[in-house]
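Among the features that TrEMBL reports, compositional bias 'Basic and acidic residues' is placed at 314-341. Under the heading domain 'Sugar phosphate transporter', TrEMBL lists 21-294. Residues or ranges marked as region 'Disordered' in TrEMBL: 305-341. The annotation transmembrane segment is assigned in TrEMBL to 44-62, 74-93, 132-149, 155-173, 185-204, 216-238, 250-268, 280-300.
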Amino acid sequence: MGEMKSMQMGVIGALFLSVASSVSIVICNKALMTNLGFPFATTLTSWHLMVTYCTLHVAYRLNFFENKPIDTKTVVLFGLLNGISIGLLNLSLGFNSIGFYQMTKLAIIPFTVLLETLFLNKKFSQKIKFSLFLLLVGVGIASITDLQLNFVGSVLSLLAIATTCVGQILTNTIQKKLNVTSTQLLYQSAPFQAAILFVSGPFVDKYLTSLNVFSFQYSPIVVGFITLSCLIAVSVNFSTFLVIGKTSPVTYQVLGHLKTCLVLAFGYTLLHDPFTPRNIAGILIAVLGMLLYSYFCSVASKSKQGSSESAFIGKDRDTTPLLSQEKENHEAKKLDKHSAV
């Protein structure tokens, strides 16, 4: 029982860390990009990952965690896939309207459910599917304002959805199948994620913004915000792997939409962004969907745990007579031998 409570506290801590760090980095990056005019999102992400790797390397040297070797091919492909998915999401935002980009992010949940059902034989109850539907409707109402379609943008969005879903499913699967922690996986994959974004980032950003990251005028305040963003990103990247490993890719995406609602609310209260009754209604529907999802998952988890305990008890009851019977047979054989002598 104590171990179960400790595990639940670990999950709650991971979820809280993920929400707090993600909302913080969104506010920091919004100030950096909107107020200070630094538009190089892909390059900034590569710096985030490099700082994350360096921080984890220092932690490893100080014996804060043990490094567990993972197959090089697996780590390289996993790192490159995650790096590509980030680049594709940024390109999707550049080629599409903000409304269609939000639709792309919303589509990640049903696509993840579909992939896990088809390839991992994971079952999602009708109640959980309904709660996810409610959540997506709410976030859609709150955040989608315009939908402008174009062929290139649609293709990029589909590729971004596919790579993001597969990357997040692999984040969960690799940790469980290879018995590695989120820290160990992030430590080994971060250099490859950073490398592909560091090389492609300046080109992607120049294509999207028509500006050169290397010729940008870096004032002390811009450098300060970039440093702050990179430090918060360490927590964001760590908590992402932690949450996906401890829960599931779908739960992580649900958490992501909670962050969206919180960012909208913070934007209204702190930055005085426009806020309409539609935004409020959407957020309330989304929060209801999240609460229902959390409740149904909790009920399913307890039911599964109860079934496992019943199976274990039943197994003990079934095996006891067999053991007793074997013992009786053995004694009977010994008596037969003595009788024969």
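Placement of Cβ uses the backbone N, Cα and C atoms for every residue, glycine included.
Just going by CB pairs under 8 A, the stretch in 155-173, 216-238, 250-268 that sits most against the transmembrane segment (74-93) is 155-173. For the transmembrane segment (216-238), the list of distant contacts is 17-18, 20-22, 24-25, 28-29, 31-32, 36, 38, 40, 44, 47-49, 51-52, 55, 182-183, 186, 190: same-chain residues at least six beyond its ends, Cβ to Cβ under 8 Å. By number of Cβ pairs under 8 Å, the transmembrane segment (44-62) is matched best by 185-204 from the list 155-173, 185-204, 250-268, 280-300. Beyond its flanks by at least six residues, the transmembrane segment (155-173) meets 78, 81-82, 84-85, 88-89, 91-92, 95-96, 100-101, 103-104, 107-108, 111-112, 115-116, 120, 185, 240-241, 244-245, 248-249, 252-253 of its own chain at Cβ-Cβ distances under 8 Å. If you look at the transmembrane segment (132-149), the same-chain residues 6 or more away from its ends with a CB under 8 A from one of its CBs are 96-100, 102-103, 106, 109-110, 113, 250, 254, 257, 260-261, 264, 278-279, 281-290, 292-293. The average pLDDT the prediction assigns to the domain 'Sugar phosphate transporter' (21-294) is 91.
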